[in-house]
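What follows is a single structure, written as structure tokens, with notes after it.
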């Protein structure tokens, strides 16, 4: 009996544990897609989300641009598109077998077939021999409309030239055919156009669509303000403002010098107009306001010149205390007078008066006058504030004045004129990675700071290559160019790095190459000849090669290189 009770107890515990274990492992229900059983509960599987109508739909992050989401992070692209998120155009003309027997032109999301000269495009897409088209000698084939031969162009962005046989590009940006969203500018291409973000904006995927987002140059450090200025981000750009105590345009800020003169004490000036002269004895040329108080600079005391009036000799003290001098108002018109602080006198003694030499009514006759004319002193500046000079007549011992450097001086310092420069820290700077290559140039973080480009690892067994192209375009120069760059080809069987230039059609033989070595090296190459259309860096790697190919600090200058290395 005890054995049976123990067996029943063990069986119940086992069934309970089995039920709990089954609840921890979700199992998908075969009859429903996206539904899983979590023990006794049924819910959407991982990577699926329940919609408002109750069904479970797969979730793809980021979203499929030209396709539909059929599973967790799995897109099914529409015809003509490829990529993980269906955001890349599929080049159908490069597929094998080719979709067209004669000429094939890839378009965005599709392709078009064209016939060779002497053939006509039929409604089913095939090419049929047509003697009339061979005689027309059209660039992209022809079509017969109502018995008339007409050459055709493969894209709406192309139109027939005046000769009626060739096709020329239509500038959609200039003609107004293009319509770009806000914050994007139109850039014409051959046969089409693209909408590119304005300078100061980056194309980002926000809110389920691509938008041009403002770049905060201040937080990223991509500004050229003075070290004595602050950077303020604005929409699409930034501005620089000098800090307090500095002045300038923000790109260049100069310190504002502060000049202070120690006052000696207040002297009350009585009401009325007066003139205090500046001459060889150090007086200030200053006209006070009515009833104002003036703080003169420290100057030695000069005793006044006494007139011949019968006055007593004043009693002076070594350090006189400035006191207000009461003066009765004289009869008009008043002469220009010079008043100086006098030592205190006894009440019964009259105050000595100093009268100027200016001839005016009311001047007492027989008085000894003082010349109040402004003396010519070319070695001293005039004004309310004076900057004291040193004995050598030099101001630069007091203030630090920054000497400006003109553009001509900089051109003399650097005789090679820069055409292009890129360190790949903030992008490719106009360099283009060819998408048709098996390998690609990828940016990688440099332990010393910044970024450099490296060739991705090969996955296929055959020989693979990655090309990096700089189209010169408007930078094209009629003379020689100096190409300078840093590079490394390290490791066992690392591969090969080569430099090419393209002038007309395909590029020629390699101008330079490296297939081994240790560490970074600096190389300069003179690109000789005119009409260089593009510069190409080619990196080749094979599967299983463990080495690394690196490229950084590429620049182009006009003229010959100072030394080839």
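The backbone N, Cα and C atoms fix where each Cβ goes, and this holds for glycine too.
Listed in Swiss-Prot for this protein:
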DOMAIN    52-87  domain 'EGF-like 1'
DISULFID  56-69  disulfide bond
DISULFID  60-75  disulfide bond
DISULFID  77-86  disulfide bond
DISULFID  93-104  disulfide bond
DISULFID  100-113  disulfide bond
DISULFID  115-127  disulfide bond
DISULFID  173-186  disulfide bond
DISULFID  180-195  disulfide bond
DISULFID  197-212  disulfide bond
DISULFID  218-231  disulfide bond
DISULFID  225-240  disulfide bond
DISULFID  242-253  disulfide bond
REGION    301-373  region 'Disordered'
DOMAIN    420-563  domain 'MAM'
Which same-chain residues, if any, lie at least 6 apart from residue 93 (disulfide bond) yet have Cβ under 8 Å of it: 99, 100, 104, 105, 106, 111
Cα-to-Cα gap, residue 86 (disulfide bond) vs residue 75 (disulfide bond), nearest whole Å: 7
Residues of the domain 'EGF-like 1' (52-87) by DSSP state, where helix covers H, G and I: 0 helix, 14 strand, 22 coil
Cα within 10 Å of residue 77 (disulfide bond) - qualifying disulfide-bonded residues among 115, 197, 231, 253: none
Packing count at residue 242 (disulfide bond) (other Cβ atoms within 10 Å of its Cβ): 21
Chain-internal residues, separated by at least six, CB under 8 A from residue 212 (disulfide bond): 181, 182, 183, 184, 197, 198, 201, 202, 203, 204
DSSP-derived class (H/G/I helix, E/B strand, else coil) of residue 115 (disulfide bond): coil
Of the disulfide-bonded residues listed as 60, 195, 218, 240, the one whose CA lies nearest the CA of residue 253 (disulfide bond): 240
Secondary structure tally of the domain 'MAM' (420-563) (DSSP, helix then strand then coil): 3 helix, 71 strand, 70 coil
Rounded inter-Cα distance in Å - residue 173 (disulfide bond), residue 113 (disulfide bond): 27
Disulfide-bonded residues: 60, 75, 115, 173, 197 - member with fewest neighbouring CB atoms within 10 Å: 173
Secondary-structure category, per DSSP, in which residue 218 (disulfide bond) falls: helix
